[in-house]
Amino acid sequence: MATLSRNLRLSLDTPTSTFVRTKIVCTIGPKTMSEEALIKLIETGMNVCRLNFSHGTHDYHGQVIKNVRSAMEKTGKIIAIMLDTKGPEIRTGKIEDRCGYVDLFVGQEILVDTNMNQPGTSFRISIDYKGLLDSVKVGGYILIADGVISLSITAVEKEKGHVVCRVNNNSRLGENKNVHLPGAIVNLPAVSEKDILDIKFGVEQNVDFIAASFIRKADDVNEIREILGEKGKDIQIISKIENVEGVDNFNEILEVSDGIMVARGDLGVEVQMEKIFVAQKMIVSKCNAAGKPVITATQMLESMIKNPRPTRAEATDVANAVLDGSDCVMLSGETASGDYPYEAVDIMAKICREAELVESSTDYQTLFAALKLSSAKPVSIAETVASYAVATAIDLKADLIITLTETGLTARLVSKYRPSIPIIAVTSWSYTVKHLLATRGAIPFLVESLVGTDKLVESCLEYAMKHNLCKKGSRVVIVSGVMEGVPGKTNSLRVLTVGESIKDLKV
């Protein structure tokens, strides 16, 4: 009923805020790896750049990271870097034709083997799973490229080292495409040797997030944390949920993860098509209840790889991901290899703003009660203060919330209760600044020390007024701790009114 009541009040003429609370993750590829392209993505709205380690060498990714940091320096804006592992997945090999793809036609026969040294043709391709012949059976399927290409298994010829398949649909097969064997028992390690090398490379490069592919259970996350070691202890792990086992074990995975990605591409192949939205809503809602960031990904604006405008369905999909509660929405091929990368980021930001406007029309008391009810018990002092800071901001029609937070926990707890206003998160820890770029509504603000609350608040208000986040007469809610600069001691809530000058504040 709360949704119905909200929707009945909607209008196309409602003015839109200039501030986008939902964060945008952009995959960087050949079209956008240059410093100039990265600067344009940052200025258009990118918050997190994703490096897909299913493709590219360490030298390539190292150059991209160097370019990202140079672009940050030139724009004066901070961007987080996410290393997305290849994971224990199966992929196709190289193609013989110089164009890098072959056309397949419905009804034709094609052989599938595991000889990755031999380039594929329209009659024979390879995949990198050595256990293929022991895992599949006649009557099963091999699904390629997020299930776009479907092959029916007609024979398993172990003595010849290949599987005979029939092509079920006209399609174009490229190199290094993901492969699924639905219904087959696939024995793959949680973390491959390549993943270990890539994660260690990420530690050396000081990346901010590891997006861990094909997480199936909590132990998979713990294994990655061990690989990160002491040197990589500040790198956060975003667990990608992309198979049925990951969905079944989601509660234990969420508990040990720093955040979650709903990787709908592979998940959509493993889960029945009509059930994908159920999985998405369940995962996002559980992340919201836990106060952990969640990214909705895959095919969000897919048509913009080739077209300057998204489909109506895609625009609605992005909006619904925001309304579901996503902290971030992600672009993949749209920005990695598409013809309209900047337009894709721009339209995604516009859709997010509109969806946030709709969300802010929801009866807040109903939302607040639901979030309180779903929170783990007992509730911490920090969460109690954070939740009532948001409730106070709503009641007083405040324009801004300021949190003083070392680890970012207080800011995430405030964000959990979904205020419709910006959250300036003041911290003296540089990695916290990067991590908060995946938290909805958070604007990280780096300072030398959290000692001296009043001066920090003055600095924040100067920044906020400069960026039109508040004005004279605005009410501002401050969340901090009596023990200044001590992590985990959030226990104080204040309300200030911005006066004639920054220093003219009323408590």
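Even glycines carry a Cβ here, placed using N, Cα and C.
Here Asp266 (substrate binding site) comes close to Glu89, Asp146, Asn178, His180, Phe214, Glu242, Asn243: these same-chain residues lie at least six apart in sequence, with C-beta atoms under 8 angstroms from its C-beta. If you look up Swiss-Prot, you'll see Arg50, Gly265, Asp266, Thr298 marked as substrate binding site, on the strength of similarity to another entry.
Annotation note: Arg91 (ATP binding site) sits in a strand segment as assigned by DSSP. The ATP binding site feature in Swiss-Prot is assigned to Asn52, Phe53, Ser54, His55, Arg91, Lys177.
Per Swiss-Prot, the feature K(+) binding site maps to Asn52, Ser54, Asp84, Thr85; the stated evidence is similarity to another entry. Under the DSSP three-state reduction, Ser54 (ATP binding site) is assigned to coil, being neither helix nor strand.
For Lys240, the entry in Swiss-Prot reads site 'Transition state stabilizer'. When secondary structure is read from DSSP and collapsed to three states, Lys240 (site 'Transition state stabilizer') falls in the strand class.
In the three-state DSSP classification, Asp266 (substrate binding site) falls within a helix. Swiss-Prot lists Glu242, Asp266 with the feature Mg(2+) binding site, giving similarity to another entry as the kind of evidence.
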Those residues of the chain, 6+ apart, with a Cβ under 8 Å from that of Asp84 (K(+) binding site): Thr27, Arg50, Leu51, Asn52, Phe53, Ser54, Ala211, Ser213, Lys240
Local Cβ density at Lys177 (ATP binding site) - other Cβ atoms counted within 10 Å: 19
Residue among binding-site residues His55, Arg91, Thr298 with Cα closest to the Cα of Thr85 (K(+) binding site): His55
8 Å Cβ shell about Asn52, Ser54, Asp84, Thr85 centroid, K(+) site members excluded: Arg50, Leu51, Phe53, His55, Leu83, Lys86, Gly87, Ala211, Ser213
Alpha-carbon distance [Lys177 (ATP binding site); Thr298 (substrate binding site)] in Å: 14
